[in-house]
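Participant: Please see the structure below; I have some questions.
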Protein chains: 2
Amino acid sequence: MMFKINDNYLKLPGSYLFSTIGKKVNAFTEANPDKPIIRLGIGDVTQPLAPAIIDSLHNAVDEMANAETFHGYAPDLGYEFLRSAIAKNDYQARGCDIAADEVFISDGAKCDSGNIQEIFSLDNKIAVCDPVYPVYVDTNVMAGRTGIYNAATEMWSNVIYMPCTAETNFAPELPKETPDIIYLCFPNNPTGSTLTKSQLQEWIDYANKAGAVIIYDAAYEAYITEEDVPHTIYECEGARSCAIELRSFSKNAGFTGVRLGATIIPKDLKSGDVTLHSLWARRHGTKYNGAPYIVQRAGEAVYSEEGKAQLKKQVAYYMNNAKVIYEGLKDAGYKVSGGVNAPYIWLQTPKGMTSWEFFDYLLENANVVGTPGSGFGPSGEGYFRLTAFGSYENTVEAIERIKRKG
Amino acid sequence: MMFKINDNYLKLPGSYLFSTIGKKVNAFTEANPDKPIIRLGIGDVTQPLAPAIIDSLHNAVDEMANAETFHGYAPDLGYEFLRSAIAKNDYQARGCDIAADEVFISDGAKCDSGNIQEIFSLDNKIAVCDPVYPVYVDTNVMAGRTGIYNAATEMWSNVIYMPCTAETNFAPELPKETPDIIYLCFPNNPTGSTLTKSQLQEWIDYANKAGAVIIYDAAYEAYITEEDVPHTIYECEGARSCAIELRSFSKNAGFTGVRLGATIIPKDLKSGDVTLHSLWARRHGTKYNGAPYIVQRAGEAVYSEEGKAQLKKQVAYYMNNAKVIYEGLKDAGYKVSGGVNAPYIWLQTPKGMTSWEFFDYLLENANVVGTPGSGFGPSGEGYFRLTAFGSYENTVEAIERIKRKG
């Protein structure tokens, strides 16, 4: 007799993509201390927090220094001031019918995208784009929802994969088998592709008809530059009865190290009489204790007039990098996509190299770190992701190096 | 065909204890706006953050304002500076063999105590003290580990309850049936009771022999005033092979609204060849994205010489309140325990009232909010919890009111 572990964890092949990259980069740096690395791999921001956010953080810290203005436990689901700011600015201002009490504040979209599966039955079958952000699949593996792993195909027996390659214009096609839960992320990580409003409407109609839930990751919406690309799934009709939306402050406000996110669950989204809103509220109340007060105040500053203006510039800075990468690689003869509505550029590896071969090649020859497409799923093989989150100077230098040696 | 929810959530009886209290208090306040309430219910702190922590927060915010010192994604498991400070001050300084890389930083002990069950098999059987912090049981219910709820006994069929009442001196006895996972919290929430080092050693020996894991919640260790009460389970021999420890910054440093915690998993703790350390690391890497940089710097300041001195005073302030409550109630003829090594005073309800009857009675007659013992489990019936986390003035006033009218 002895306690038993959750052996679903043991089914996970190897370690998490970015851990592996980190180890390879550390090994290279130790062996080549004279070769400065430029990192365009992990989607981590590099610009400092905007002044309006810094001011807000300092003010909130000062509030914590006095008993009269001190804040202890936050409301489970988030402070009203932040929930209202999100509902008003991200939804109502776009004509979307989302109320403040349908917004749940969290410490980031990674946590929410990993935790959201907990409110669903283990019998449910998920569908994911391929390639895809690894957290969606891995957290379902850990919960025991994905069946058996086939090392040859790198696929799970109980997951529906929707290939997104050059052949499909990097958009998923409606699956032949009906899933229960559909993960969609647009603008897409890793490919940088988007769906138009009418394309997304097809998914809503499909999900409502099939009785499926869409988990829509909108972490990159601030990077949209084209007119016809929806900033939220609730721009489409019928989304209130089939879609959960995940929002992040990491990329639109540089909060990767600050930690703030939000999940939207409309009260119309039900299984029988049970709202998913009530289940997520229960999870938050039982397994979570709120985002820090000072961080929620920083989130509020994102929606101030000053904050909006400053962040518009910050996003434009990164999108200028995206342009540098996109056009530089195109000039150099690479096949590239993304980069127009997203901070990610997706390129086809040259000369038939695998994704990891190209990773090693780029690291060794150009001292540039990117992310191998195969790390995002089998259909990512033969592709490679570069991010626009470096500094302008580093981005220009990286592209020069790739042109020279890559 | 339609997606299915995790129907374990529907088995949870009623809503979370503190939500219910909140609703009752709000209703009373709306009906009686002239009667000022004193809240000694939820264990939420009221004193402002210590100056050393405020300084550290401001400094860290300033770092986030410059590209050269900006911090993006934190290391999954926490910054080295904080992991080392914890290992050194909370463990090595007490002669306990815990290394920095056995410390996992999180956004709080509530999250950790709710999430930790995920790395164990759903077949495992848990044992809990009764009364107990509701999160331990509720998160196991949500995972599907607890069997069927009996509304009459308020017990789950697949949970081992260890009564802690006046009859057992508020300490659990070794269970007759062998559990896989044992939750222990000392100093105890809600009873304020403790185990001596030799009593805790019995549990270690039992767990090692039975092949059980102890999840030891040490959130209140800073309140220990007596010599023979261990501050960490690793003061006992053999704990490295059977115990996980949860630490909180909420109560020793007033971080309820700042959010910071730590979980210790010694690398000796294994199931076969698999270390629980590796499973928790995988969970952190996949479902979590690190505590905010500025908050981890605030945590570091807790261990500075200045911080230690300031927090010693803060804890003494609350413990003086505990004394006021304990002695005031004792003088008034109540049967009280706790309050010596913990910020909680546990009292027996007078005149055969149920816990909720006494809650309503105290709210209506003394306008004081406490926590009904039955909210912590069936053996909590007939008891009531008051916390020492109010201001001194409010605490004195509350006890006066209880003496007069309660």
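Even glycines carry a Cβ here, placed using N, Cα and C.
Automatic prediction, not curation, is the source of TrEMBL annotations.
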Participant: Looking at pyridoxal 5'-phosphate binding as recorded in TrEMBL, which candidate out of A:Tyr73, A:Tyr79, A:Tyr326, A:Tyr334 goes with A:Ala109, A:Lys110, A:Tyr133, A:Asn189, A:Tyr220, A:Ser248, A:Phe249, A:Ser250, A:Arg259, A:Asn289?
Facilitator: A:Tyr73
Participant: Neighbour count first, Cβ atoms within 10 Å, every protein chain included; then name which of A:Tyr73, A:Tyr133 tops the list of binding-site residues.
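Facilitator: Answer by Cβ density within 10 Å: A:Tyr133.
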Participant: If you pair up every Cα among A:Tyr73, A:Ala109, A:Lys110, A:Tyr133, A:Asn189, A:Tyr220, A:Ser248, A:Phe249, A:Ser250, A:Arg259, A:Asn289, the residues annotated as binding pyridoxal 5'-phosphate, what's the maximum separation in angstrom, rounded to an integer?
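Facilitator: Across A:Tyr73, A:Ala109, A:Lys110, A:Tyr133, A:Asn189, A:Tyr220, A:Ser248, A:Phe249, A:Ser250, A:Arg259, A:Asn289, the two farthest Cα atoms sit 34 Å apart.
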Participant: Expressed to the nearest Å, what is the distance separating A:Ser250 (pyridoxal 5'-phosphate binding site) and A:Gly43 (substrate binding site) at their Cα atoms?
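Facilitator: Cα of A:Ser250 (pyridoxal 5'-phosphate binding site) to Cα of A:Gly43 (substrate binding site) measures 9 Å after rounding.
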Participant: For A:Asn189 (substrate binding site) and A:Tyr73 (pyridoxal 5'-phosphate binding site), what Cα-Cα distance in Å is obtained after rounding to a whole number?
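Facilitator: Here the two Cα atoms are 34 Å apart.
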Participant: Could you tell me the C-alpha distance between A:Lys251 (N6-(pyridoxal phosphate)lysine) and A:Gly43 (substrate binding site) in angstrom, no decimals?
Facilitator: 8
Participant: For A:Gly43 (substrate binding site), what is the tally of other C-beta atoms lying within 10 angstroms of its C-beta?
Facilitator: 23
Participant: Can you filter A:Lys110, A:Tyr133, A:Arg385 (the binding-site residues) down to those whose Cβ is less than 8 Å from some Cβ in chain B?
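Facilitator: Of A:Lys110, A:Tyr133, A:Arg385, the entries that lie near chain B are A:Lys110.
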